[in-house]
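A short worksheet on the structure shown next.
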């Protein structure tokens with residue numbers, strides 16, 4: 001009997017090819033798109049760039065018709081609002097810089113979507129992520145590994161996956177490059193073969209976080225820039241418009257290159273300093289998830305990434321109380337940012353990760 005798999009289809013080339021590959025491999029494939037966001041007028045996003053626009057549903061439906069697979073649309077707007085949007089806004093209001101894609105993967109795609117899939121009789125879910133899942137019989141655990149195409153690897157945003165999620169998820173694209181995926185799309189005669197990748201956060205198509213937060217919260221009071229001694233340097237926009245390490249768009253001249261070194265939301269202050277002030281060699285992370293084991297019992301050596309685009313750096317992670325770890329880097333890291341995720345690797349294996357609570361100088 002064929003195993004049933006529900007593919008999360010965004011209307012893009014990756015998830016479309018994932019569905020085509022699984023059908024070719026003999027699975028009983030179903031497709032579904034999660035409608036997760038609408039604008040303040042109650043209308044679906046209409047920008048063609050967004051993975052949750054009305055065009056995304058149209059493109060996904062066209063692909064499903066070509067592949068001759070059943071197709072569903074799940075209304076998950078309320079869940080997305082409560083779980084992702086509110087979290088995103090709350091973190092910025094706290095003076096932190098969140099990664100909403102990680103929260104969406106953790107709570108929407110691999111938790112709620114998986115629950116829906118199991119409820120309608122599916123054996124697995126699948127997505128178009130570039131990552132590899134393998135079962136290690138010696139550990140009796142599923143492992144998450146980097147994709148073959150290192151430049152497309154998406155394991156950074158998947159470190160929160162549990163053993164249950166990994167056991168029920170398929171990543172058909174893990175062993176392909178992006179060019180190979182586009183060629184497969186042409187082979188399968190899919191209309192999205194040349195569709196560009198989405199770049200922005202899906203619910204902020206213009207990439208203007210500050211404008212979005214102001215509109216959602218009504219908080220618009222200007223703040224002040226101060227130096228590391230507390231001296232006022234000038235007027236700033238509301239503090240939530242800034243992130244640690246930022247230099248562009250400050251709109252202030254001090255005669256020196258200045259960077260955001262700290263954010264004080266309770267005082268509506270943005271602390272500026274010279275570049276040396278944004279380097280640190282340690283951090284504390286919380287809200288941890290480990291994949292090859294349940295809990296870190298002793299200090300281990302890893303490589304670590306402090307943001308999606310960062311280079312990995314050698315580090316030690318040391319267990320602390322209250323589900324926290326101390327991460328000690330061998331070299332100072334630029335702009336360690338509270339709210340972002342730090343993800344740990346052992347060669348190609350994802351060890352786990354957590355949310356950065358604070359940097360330690």
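Every residue gets a Cβ built from N, Cα and C, even glycine.
Quick caveat, the model's predicted, so the values are computed rather than measured.
Binding of ATP is attributed by Swiss-Prot to 8, 9, 10, 11, 12, 13, 14, 15, 128, and the same site annotation extends, among 34, 103, 161, to 34.
Cα proximity to residue 14 (ATP binding site) (within 10 Å) is found for the following recorded positions from 104, 129, 202, 340: 129. Put simply, the two farthest-apart Cα atoms among 8, 9, 10, 11, 12, 13, 14, 15, 34, 128, the recorded binders of ATP, are 16 Å from each other. A gap of 15 Å separates the Cα atoms of residue 202 (disulfide bond) and residue 8 (ATP binding site).
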